[in-house]
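Note sheet for the following structure.
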Amino acid sequence: MTVLKNDRYLKALLREPVDMTPVWMMRQAGRYLPEYKATRAKAGDFMSLCRNADLACEVTLQPLRRYDLDAAILFSDILTIPDAMGLGLSFGVGEGPKFARPIDNKSAVQNLPIPDPEQELQYVMNAVRTIRRELKGEVPLIGFSGSPWTLATYMVEGGSSKAFTKIKKMMYSEPKILHLLLDKLADAVILYLNAQINAGVQAVMVFDTWGGVLGHREYLDFSLQYMHKIVDGLIRENDGYKVPVTLFTKGGGLWLEAMASTGCDALGLDWTVNLAEAKARVGHKVALQGNMDPSVLYASPARIEQEVQQILADFGQGSGHVFNLGHGIHQDVPEISPKVFVDAVHQYSIFYHQ
């Protein structure tokens, strides 16, 4: 059993008492750090960085050297699974992801292999093992995956999209084909996340970045149903610890009750949700993570501290809150801002845990 020097993040996810509110940042290993840019340049390109365990470890640890963060998150990408399925992933300079072979018919779905996490995705597991070794038990390591719906949007659209016309066309005209794809992706995600847990991650998160573009019934049917399947299939205890599961649907504030009923341990919230209202709705069932607008980090230190204090007050007394941004940190925020943010969370949250 690994004894963590700081297990505040895991305790908060399980709604157990903590001394202060834990904090980490989505995309905390990333382009806002000059040392990240240098390491990525050394790797050559983004996927080469992901595939090199030592360099992926280095960028995972970089933000922890600068800021007093309560968790590390594996440096990887949500599109590793479709890439391992053979869709030909590439990232152009200054562009989003593109797939050379998008999915557009039933036989394409049927022919998709489910990747073996210790074969096609072994580079991810090697990174997990390397990071765990180098963390030396300082803080927990978070593993993650994209949700089936979100992965499917990229696979069907062939890359990023604003209108999601191709996948919505499939959803309304060929729903059986889309369900077949989503079911296969859910199976792949379960294998992938369980392999990450066996390799050493101590909590997992499912990112449903594009669930918020769906209508109410469609969200339940095409996104949440498959996240529920994933939650049911995950290893929930490892190395003497519970392995908490967080679900995050960007734009998912309407569906918190349904999300909380999946059996997950926590919900990620974006900044459109009032934390006090979210706590009243589902705080008796799950912990909450979030939810400061990442753009607040463009503001003055005093304004950042004010926003942190407001969000802490919204959640109020007790455990069950992991402070985070409502989405990933922007790459051009002032260098001082993340430190002001992280330190403010710790400083001002002690009052709420006495």
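Easy rule for this one: first residue shown is 1, then count along the chain.
Any Cβ shown, glycine's included, is placed from N, Cα and C.
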- prompt: What does Swiss-Prot list, out of Thr2, Thr209, Thr249, Thr262, as binding the same substrate as Arg27, Gln28, Ala29, Gly30, Arg31, Asp77, Tyr154, His327?
  reply: Thr209
- prompt: Which of Arg27, Arg31, His327 has the fewest nearby Cβ atoms, counting only those within 10 Å, among these binding-site residues?
  reply: Arg31
- request: Quick one: pull the CA-CA distance for Arg31 (substrate binding site) versus Asp77 (site 'Transition state stabilizer'), whole Å only.
  value: 14
Statement: Counting every protein chain shown, other Cβ atoms within 10 Å of the Cβ of Ala29 (substrate binding site) number 24
Message: As a test of the contact definition, list every same-chain residue at least 6 positions from Tyr154 (substrate binding site) whose Cβ is closer than 8 Å to its Cβ.
response: Leu79, Pro82, Pro97, Phe99, Ser160
Field: Other CB atoms, at most 10 A from the CB of Asp77 (site 'Transition state stabilizer')
entry: 17
Task: Provide, as an integer number of angstrom, the distance between the C-alpha atoms of His327 (substrate binding site) and Asp77 (site 'Transition state stabilizer').
output: 15
Pairwise Cα distance for Arg27 (substrate binding site)/Asp77 (site 'Transition state stabilizer') [Å, integer]: 10
